[in-house]
Amino acid sequence: NKHDARRFFTYLDPSLGIPLPEKSYGDACELTYDNVVSQVFDEFVLAHALGWFCKALILRDYTFCWILSVMFEVMEYSLSHQLNNFDECWWDHWILDVLICNWLGMYLGVKTCEYFEMKQYSWQGLAEIPTLRGKMKRTMAQFTPKSWTKFEWDMTKSFKSYCTVLFILTMFLICELNAFYLKTLLWIPPAHSINVIRILLYFMFGIPGVREAYQYFHDVNCKRIGPQAWLLIGSIATEVLIVCKFGQGEFPNPAPKEIVYFWVVFLSLLTAFPMYQFYLLPKLQDKSKGKLKAQ
């Protein structure tokens, strides 16, 4: 049970096993110098930028990253009745997080992808490079990928692409939310090395895992999802089961009605859009083409 799990972590670090202090970011939302500075120097600001740099390296698509960024803020709004640190000021959500931290990480990540995509590789031997600087540069190049594939998700191109993007988006959101729920349930501070190691592992799993998923959904010659993708899905699913088990009785507050109404409308639109885009619209276009040919 969760008490055993919390006690287990004390064997790894005796400072653990203590309930985390509740911290809310939505108590002082006036746009004053002190309030802004206190949020800017929070530990999550750097985590946002670095996290989105890593996500951009995994997804390799600006549009996908922006959708994921906005949706995570929506999830924070939706779950703020359960986790206090999701209760943020509006300017913290949309200006500091989305427009500054997330965008900066995305921009640097996408530019890194573009660099690797266009990079020219030299197979010159190390001994044949005359300068020390050249040797060091060549040595560091060993840790960069031999090739880099640009991802084009095209979620409105076909129903399969639409479902692919929704599935990967959902997996990313669940993985992000798991981090907050696990640290809350297991009493692990955000800056603790366990959380950092988890993030690094998911980053290393995510690059080949998403690459394999992209290959499976976009290459007709690929008949099955690769092992890295399955490992990623299995890890996220295991964390969800842990959160569901340990979270029983921990979050008694019900969701506000406006949140429930929002998700009913949002999920209805997500269902209606593919019906129109991939079923009704092609039929209407075929009918209009038939009328033009008849004329």
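Cβ coordinates come from backbone N, Cα and C, glycine included.
Within the set 29-48, 89-108, 229-248, the record from TrEMBL flags 229-248 under the feature transmembrane segment. When each of the listed stretches 162-181, 187-208, 260-281 is scored by C-beta pairs under 8 angstroms to the transmembrane segment (229-248), 162-181 comes out highest. Beyond its flanks by at least six residues, the transmembrane segment (260-281) meets 78, 156, 158-159, 162-163, 166 of its own chain at Cβ-Cβ distances under 8 Å.
Panel annotation: around the transmembrane segment (187-208), residues 6, 9, 12-13, 16-20, 43-44, 47, 51, 54, 57-58, 175, 179, 226, 228, 231-232, 235 of the same chain, lying at least six beyond its termini, place a Cβ under 8 Å from a Cβ of the stretch.
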